[in-house]
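Working notes, beginning with the structure itself.
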Ligand code: G3D
Ligand code: MG
């Protein structure tokens, strides 16, 4: 029975947004930059006080994006990571996000407006607007966090710890 349940937390977003860096930092509780672009899939298991969370990152480069929707039906919730300073590609990120969530009106959504450390980064209110997050649907739980993965080895910012707690809670609610 257990195996039949959806357990995976999907981590999607354009290439270079910071998906791997965010995931590894959440797992280690330490800031950890990604060293290489993800080819294909990256599975990360994170233990919390009362559960194990399985995260699946699917590479964001074009050839892998067609895989995204296939995995959506198996996901507990969707984490969508954007590079807040990559203004030019926000419309593309928005398009993909809306395509993804369009297939599932209740899948909870957690958006990481990443790279908040960069001077050019849009504030989360602008990211909310650029990604049209007010249009994700009334029946969907949606959360937006401003995140940054900066000094390697330092403790992750408290907002990322909060995000991890929230994700664990949402995942528990969905099971
Ligand atoms: P992806 O998994 O979404 O493709 P990665 O993204 O985690 O591989 O990160 C892509 C690049 O962005 C990496 O740099 C990584 O160090 C950097 N990065 C990730 N998060 C942040 C952040 O919050 N702030 C800043 N300034 N950089 C970040 P390289 O140089 O290896 O391409
Ligand atoms: Mg990656």
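Each Cβ is built from the backbone N, Cα and C atoms, and glycine gets one as well.
Taken from TrEMBL, the feature GTP binding site covers 13, 14, 15, 16, 17, 18, 19, 20, 60, 114, 115, 116, 117. What TrEMBL records for 20, 38 is Mg(2+) binding site.
Positions of the features from TrEMBL, shown on the structure.
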| residue | record | DSSP (3 states) |
| --- | --- | --- |
| 13 | GTP binding site | coil |
| 19 | GTP binding site | helix |
| 38 | Mg(2+) binding site | coil |
| 60 | GTP binding site | coil |
| 115 | GTP binding site | coil |
Binding-site residues: 13, 60 - member with fewest neighbouring CB atoms within 10 Å: 60
Nonlocal neighbours by CB distance (under 8 Å) for residue 20 (Mg(2+) binding site), same chain, sequence gap 6 or more: 34, 38, 42, 57
Where the record names 13, 14, 15, 16, 17, 18, 19, 20, 60, 114, 115, 116, 117 as binding GTP, the maximum Cα to Cα distance in Å: 22
Listed binding-site residues with Cβ under 6 Å from ligand 2, out of 13, 17, 60, 115, 117: none
Fewest-neighbour residue among binding-site residues, criterion Cβ within 10 Å, set 19, 115: 115
Proximal but sequence-remote residues of the same chain as residue 15 (GTP binding site) (Cβ under 8 Å, at least 6 apart): 37, 38, 59, 60, 61
